[in-house]
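Heads up: the structure comes next, in structure tokens.
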Amino acid sequence: YRDTLIRVFTPPGVLTDIENYFGIDDGKSGLLQTVFICSYMFLAPVFGYLGDRYNRKLIMSVGITFWSAVTLASSYTPKEHFWALLLTRGLVGVGEASYSTIAPTIIADLYVKGKRTNMLSVFYFAIPVGSGLGYIVGSQVGRVTQDWHWALRVTPGLGVIAVLLLIFVVKEPKRGAIEARPEHHLHQTSWLADLRALSTNHSFVLSTLGFTAVAFVTGSLALWAPTFLFRAAVFTGEKEPCVEGNCASSESLLFGIITCVTGILGVASGVQVSRQLRKKTARADPLVCAAGLLLSAPFLYLAIVFAQTSTIATYVFIFLGETFLSMNWAVVADILLYVVVPTRRSTAEALQIVISHLLGDAGSPYMIGVSDSLRKTDSFLWQFRSLQLSLLLCSFVAVVGGGFFLATALFIEKDRHRAENYVPTGEADPATHTCSSTDRQQRR
């Protein structure tokens, strides 16, 4: 999974070079991430449906193989055909959708309770660590080869390794077997019945909206942070303006390192704080997610504001902001898995992906990129200032997301109890059918 994130975030590591190569502005370069996210978002329900019903290993293997081939093909895009790069970025969404909707459900069917949380934290280390490695690989390979195309050619080989490991190492567990409720006891319901049940699950809906805020902020920073840091260095006089070559390689490298380190710290601290807080309240998980977003907001704001005066302060505040932001990844995934029954988890993962990306990072890179409209002139001063003003939106969205997680805390106990104590009957909404005490005793 870390390999897949490397491929997603390799282009942002060389974004300035891509802009110079194709002669495009911030708005068009923002489309690179938006097109990928839209493809990923619309394909997620398809793979969620398949993942709840068919062999998950096979689906993931085919998806990652296709992704690797498309990534390699994108590196040969001619200068005159920017649309072809957009097309291949869209096709990359196939691999992401096939994997991210299904992999967490396999972990859920292998582990329960505290051990599941630990395994999810290891899995979700891949998001910040893989993203950070994407910036590092992209910027440094581009710098060494003096050609950004090679940044996209070094990772497909890792995809082949990932597929081989999936085929020969990973086992396909029975859905729900580890919870003493295997899939043949739970029964499959129709896709529409699944959607109806999920739409009445308050914890799922509210935590998804909270995660949407995380996606919005993460998507904005993922694409624009290295470019913003480079423009800040030009604004403060630390660097000369650059129109060709590997312009933002040092900023991409530093931001990549920060993303890796803060990802490890954030995910690990989020899981540990949640584990300790669960001893005092059953609402620990959404409270930890809320705290992470609410604490990240002021530090991200300070990082953006201080960029014009102090480079060191900017990196320090980015470090703190990303650490708190990363506290959410494993915890919010665990929330979904224990408030949704096993036979609906892939569908729930897919629905969460659609909503969080549709309202989050599908549009946020482009929204930040249209900061071009705020420029009074096309000077380097206004290139920096317009992007700075646009990025301030991230702090506001983080606060809103924290509010959604606080609301989740109001319903989490009831929804978890429902998920742990019902058995579906036919096509009716299973959320209203709890099993009797006799059924529970027999199951034990």
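Any Cβ shown, glycine's included, is placed from N, Cα and C.
Noted in TrEMBL for the protein shown:
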- 433-444: compositional bias 'Polar residues' (COMPBIAS)
- 1-413: domain 'Major facilitator superfamily (MFS) profile' (DOMAIN)
- 422-444: region 'Disordered' (REGION)
- 31-51: transmembrane segment (TRANSMEM)
- 58-76: transmembrane segment (TRANSMEM)
- 82-107: transmembrane segment (TRANSMEM)
- 119-138: transmembrane segment (TRANSMEM)
- 150-170: transmembrane segment (TRANSMEM)
- 204-225: transmembrane segment (TRANSMEM)
- 253-274: transmembrane segment (TRANSMEM)
- 286-306: transmembrane segment (TRANSMEM)
- 312-338: transmembrane segment (TRANSMEM)
- 350-369: transmembrane segment (TRANSMEM)
- 389-412: transmembrane segment (TRANSMEM)
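Model confidence over the domain 'Major facilitator superfamily (MFS) profile' (1-413) is summarised by a mean pLDDT of 80. Here the listed stretches are 31-51, 58-76, 82-107, 119-138, 150-170, and the one with the most C-beta pairs under 8 angstroms to the transmembrane segment (312-338) is 119-138. Relative to the transmembrane segment (119-138), the listed stretch 253-274 leads the set 82-107, 150-170, 253-274, 286-306 in CB pairs under 8 A. Residues 25-34, 37-38, 40-42, 44-49, 51, 97, 100-101, 195, 198, 204, 208-209, 211-220, 222-224, 336, 387, 390-391, 393 of the same chain sit 6 or more residues outside the transmembrane segment (350-369) yet have a Cβ under 8 Å from a Cβ within it. Cβ atoms under 8 Å from those of the transmembrane segment (82-107) belong to residues 1, 4, 7-8, 11, 18, 22, 24, 28, 31-33, 35-44, 46-48, 51-52, 56, 59-60, 62-64, 66-68, 70-71, 73-74, 116, 119-120, 123, 159, 170, 172-173, 175, 333, 336-337, 342, 345-346, 349-350, 353 of the same chain, restricted to positions at least 6 beyond its ends. Residues 8, 11-12, 15, 18, 59, 63, 85-86, 89-94, 96-98, 100-102, 105, 191, 219, 222-223, 346-351, 353-354, 357-358, 361-363, 365-366, 369 of the same chain lie 6+ residues outside the transmembrane segment (31-51) yet bring a C-beta within less than 8 angstroms of a C-beta in it. Remote same-chain residues near the transmembrane segment (253-274) are listed as 13, 117-118, 121, 124-125, 127-129, 131-136, 139-140, 225-226, 229, 284-285, 288-289, 292, 315, 318-319, 322-331 (criterion: CB distance under 8 Å, separation of at least six residues from the stretch ends).
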